[in-house]
């Protein structure tokens, strides 16, 4: 046989591009266009260069830049899960999640914070009609940040509660008109009732304490509440929201998204951001490797066999993560379409699938970063930002796979849920 000479500058690069192509395009066909014929994903792609350009300055700012918020609101993404009666879009979870994946490749902090501002609208739609009217009839563009761990101290009073406390990790709070906060009430027998309340921006102070090493631009600051009165119509039991018993459940009988619990919507952004980071890491690694040579010998290391093996394995791993998430998102969409409330096992899979996908994305990013060279750790390197941000997506309580593995394992073995794991 005649020996074949492989042209590393063309043949290998084209082969790698063929591998990457399915990842970039796998879900674009599913987007639903608006009346102008342009899908939300296409609108995201149009503003993506400016979002990416702002990424480094956004880290220095430690919150989402005003320009990014303006761009995203101009295309209407903040209305993704708002009821149509208030001008919302009621997007399907697959369509929305893929927008966040794309956005995260440009700026993970922006994607993290804005996805939560969007998904909180789904949760608000589970509260009373009185609350929804109060928010969206006054300002149809209003959004809410959140801090739902029960940090505060509750005092029961006539018509509601008085709440005091410091509420951390409220991503996107600088750009929200309201906040959803968590707290514990107690019934007559002394049992805890985990609940949520909605408060307007005038009722709390934002404490600028967000000094993090990753997802820096999310602006996940602390909310300080001092003697805040929350009336009953702005309060809901968390359990009711997960079981279809809240005041807002059933208000929108024609909706395809409000017959599933709020929590899978709330959490969808975490895994979508992780996936977007990992997919961008593959592209950024490929761009860097094209002309990378060893400093001491001049040898081409970027297209050497070890680099090709790493990029191949990470590509497969990220594709597997995407496939798992797409199946989860689509299952969620079908449940909503059929007004079919998910059972406990389905909810357990929805929760834990996302955490496992995040785990795979982090592993894929780590594999590439380990072979990206010292310059990839410089402050101005996109790769080190992607590396840091990827790990932060796995640090959230909802994406902790050690917890999620126990949740799913208990469900699969017919055991009762552990109340210490949420």
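From the backbone N, Cα and C atoms, a Cβ is placed for every residue, glycine too.
On a predicted model such as this, the values are computed, not experimentally measured, just so you know.
The FMN binding site annotation in Swiss-Prot covers 112, 146, 147, 148, 169, 170, 171, 292, 296, 374, 375, 396, 397, and the record cites experimental evidence as its basis. Here Swiss-Prot flags 120, 146, 263, 264, 265, 266, 296 as substrate binding site.
For residue 263 (substrate binding site), the same-chain residues lying six or more positions away in sequence with a CB closer than 8 A to its CB are 241, 242, 351. With respect to their backbone Cα atoms, residue 169 (FMN binding site) and residue 146 (substrate binding site) stand 8 Å from each other.
In the three-state DSSP scheme, residue 375 (FMN binding site) is classed as helix.
Note: the Cα of residue 120 (substrate binding site) and the Cα of residue 147 (FMN binding site) are spaced 11 Å from each other.
When the binding-site residues 112, 147, 171, 296, 397 are compared by Cα distance to residue 265 (substrate binding site), the shortest distance belongs to 112. Least packed by the Cβ count within 10 Å, out of the binding-site residues 146, 375, is 375.
Taking the Cα atom of each, residue 264 (substrate binding site) and residue 147 (FMN binding site) are about 16 angstrom apart.
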